[in-house]
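J.: Quick one: the structure is below, and I'll ask about it shortly.
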Amino acid sequence: MSEHHVNIPAPQFSTYATVIDPPKHVTATHPDELTTASHPQPTHPSAPQDPSPAVPSTPVRVPYPTAPPPIPPAPEAVTAGPKKMALAPSSTKTYKQKRTFKVIIVGNAAVGKTCLSFRFCCGRFPEHTEATIGVDFRERSCVIENELLRVQLWDTAGQERYRQSIVAHYYRNVNAVVFVYDVTCRESFNDLALWIKECEKHGLVGDSEVPRILIGNKCDVECTNRVSTDEAQMFADRNNMALFETSAKLASEADHVESIFLTLLHKLQQSKPMHVQSQDERHQKEQERLILKANETENVEEEGFCC
């Protein structure tokens, strides 16, 4: 018996696959913004499968970056006022009762008496200097040990013809004496003995309660016949005075000039038996000073017409 073989074709199947991406959650910054991606399209069975993740056809809006807060402008720097001098009194602080001290500056003409007082009271060297006629003075207030002190520097003429008519008023109620000489002028140093005798004649002796100091000015000037420091120190020791050498012209010596007068002011502040001028006395001295300067001006004009 013969066998019959029947070939049965294999069954064919059609498979349709649908790939769905998982949902993605995106936070929206505005109500009208999209929060999810659109659904992907089904893939054709004959199309090759892409192993890379599906990219949504519709773009998804992302939140806008938040701008940093604006940086506030830097505060404007406060412009500082003019530099105050050392130990200048403050207007917001209360001090003890103010005292006024009268300090006279004596010495030959052109030794720098006016320049020294200008440097201490005004903090600079005068641009133009002229010979002093009669008497002039400058003031400055300083705070020493919480006490407000006012110092008056009386500058007198070095010429003999002007000095004779003012000595009676010039040496009255004096609290301290400053002798000045020019280190480049030996004559001004030799005449210091005459100035000391004149002070002693009016009661300002070396062993009194009125302090005295000696200042050698113009130490910045080169000179062959210069008064040596040793010679000046010996003279100061014999007359019970402290010696200082400085220059009123040099800006680098400004602190030195400052310390000289502040040292004297410290000594005045610590000394107890001392006459301190009242307001009425200061007003009277101011009137006398104006009268003296007017009289000296008239005398100069009269001398100009002499034959």
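Every residue gets a Cβ built from N, Cα and C, even glycine.
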J.: When Swiss-Prot marks a stretch as motif 'Effector region', which of 111-119, 129-137, 237-245, 246-254 is it?
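T.: Of 111-119, 129-137, 237-245, 246-254, Swiss-Prot gives motif 'Effector region' for 129-137.
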J.: Count the other Cβ atoms sitting within 10 Å of the Cβ of Thr156 (GTP binding site), across every protein chain shown.
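T.: Counting Cβ neighbours of Thr156 (GTP binding site) within 10 Å gives 22.
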J.: Under DSSP, is Cys219 (GTP binding site) helix, strand or coil?
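T.: It is coil.
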J.: Tell me the Cβ neighbour count for Gly107 (GTP binding site), meaning other Cβ atoms within 10 Å of its Cβ, over all protein chains shown.
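T.: Looking across every protein chain shown, the total is 25.
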J.: Which one of the binding-site residues (Ala110, Cys219) has its C-beta surrounded by the most other C-beta atoms within 10 angstroms?
T.: Cys219
